[in-house]
């Protein structure tokens, strides 16, 4: 019972309005105000669906977060994980006071500083040194604090030579390093970090992760960390919270949270394909995936190094110029492994007349993803811009190790792509 | 025994759906005073970076506007400014008016221009409009220098100009003007987050308002020439500020105690309403902007 709770979220919910803000907003505002004047409840708070982007909801309002409850102990590094659109970023925005929750409250015993996106508030005209002060102040440091740490910040960023040059002359990598350096020397009791590690080169990423480990271990600082990078989450966090469709579906040790998260993903692999028809300009008559000219069913095994052939039969309903197709291959952690488009092969579909049938065949090269579950989404659009049709989980498959790699042990699961090599010696 | 101290009510702060009805949160603004100063510095320093004339642009703008006004309104249209050189007359009006419009247009874009920062990190939002009013005050100070220069020049030439004793209160007048601009700006900035219409309203509304604010003519003149529309100017608090500025610095026109009290009251009301709406908006504007 001797828990030292530093942060407590109670029944946090956040509602967003969908669609465009236009003249309708005024009517809603007036109606809301009128209800308020009469002492009634906000009429738009009642309706609203869970936040599932792929299905069309009933109302214009959705709950991005619903009844989120959690507690964080002092010195804990909490990883918040979830698929895209699960509500992670919304939660962090509320925690960092950027936006207010619709209901509920967050109670805190320490200052919260957020590191939502590095380089916030950098002014391109000012020099690196001036920006350190400006950015530090935006993040809540006083001039005195920054002056005391200035040398350390400059050294950590590795930008000494350019420190008195305007930031607009910096490469993007340098800007990010400088920005991260400022943020790394913040000293709030609670630090909120969102995906910053996705930037910079490998060396800097390593440095950044190391710095964050120092912050949380030695500094005894409480950190809330959101990332898609499961390796980073695993090495940094002590506890995890899994969000799905705006709700906390799991909370526990970081390892079990990551496992739970992977399971959510593998579940979606068994689900049937989900069709989204944007404007009825095309219809999908049939599709199949072949391996050596044999049709293969979803969820079957494909051997490492085999090729697959995707055959699509589509009906053009409306005149289309520059039909484009993109296929995403996703692993069970939701990471995008590959993005294939017709453009890659210099293949274009211009000037398609209505009411004709098109048969399209796509043959991949040897699949070299490491053994595991994979899923494909397919997207049809115009000029890689306007969406026409989409099939989520269009096809899922499992890759199994084959003699394509002659090693006797299995390929390590945390690696992603197998690269065939030739070895010789003289 | 640690948990004994941390009873349920012992929180540093709480994030809740709504702000208190009226809170200036001055304590928090004070904590962020360094940020305020840095914003002011950034605004003043970076405006004319990579320009040849640099801060001279601060001077060129009112100077040329005054010359144009003098040619059009005084030489061409024949508006009389009494014994005061028309150029000086216009320069006072324009310098003071510029300060107001800079405050108004600057603050009215608070949420729009800073959506990027506001969407990522929290600091008291009030810092931004306050920093705009202060950095414009510095610009006003620079522009006021050319007024002083020309004042000395005309004085040496023997023009019939003299300071009024009330000139000692001139800084207060400028503060009043700044607060009015701040209040209106905050009010409008909050509305702009939802209704972009106000952006358009402000860009041309400010121009029209200038003609109703006695910038290029004495207030008495409008009452004399078009009495039926004179009320438009008479109910405009800005007209009193500009008329009073000329009274203080050039000793022309008359000071109206009623007018100043009226202006003061309007300023206080506008400022309070502005803060109120700003507070209400800052919590969730990022969802609608």
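Quick reminder: no glycine exception, Cβ is built from N, Cα and C everywhere.
According to TrEMBL, the feature domain 'ABC transmembrane type-2' maps to B:53-281.
Residues annotated as transmembrane segment in TrEMBL: B:56-76 (among others).
What TrEMBL records for B:88-107 (among others) is transmembrane segment.
Residues annotated as transmembrane segment in TrEMBL: B:127-154 (among others).
Taken from TrEMBL, the feature transmembrane segment covers B:166-192 (among others).
Sequence-distant neighbours of the transmembrane segment (B:198-217) (same chain, 6+ residues past either end, Cβ-Cβ under 8 Å): 69, 73, 79, 90, 93-94, 97, 101, 104-105, 108-109, 112, 188, 191-192, 232-233, 236, 238-239, 242-243. The transmembrane segment annotation in TrEMBL covers B:198-217 (among others).
Residues annotated as transmembrane segment in TrEMBL: B:255-278 (among others). Within the same chain, residues 21-22, 24, 125-126, 129, 166, 176, 179-180, 182-187, 189-191, 234, 237-241, 243-244, 247 sit at least 6 positions outside the transmembrane segment (B:255-278) and bring their C-beta atoms closer than 8 Å to a C-beta of that stretch.
Here the transmembrane segment (B:56-76) has long-range neighbours at 47-48, 86-87, 89-91, 94-95, 98, 139, 142-143, 145-146, 216-217, meaning same-chain residues at least 6 beyond its ends whose C-beta is under 8 angstroms from one of its own. The list of residues near the transmembrane segment (B:166-192) in space but at least 6 beyond its ends in sequence, with Cβ under 8 angstroms from a Cβ of it, reads 96, 99-112, 129-130, 132-133, 136-137, 140, 198-199, 202, 237-238, 241, 244-245, 247-249, 255, 263-264, 266-267, 270-275, 277-278, 280-281, 285.
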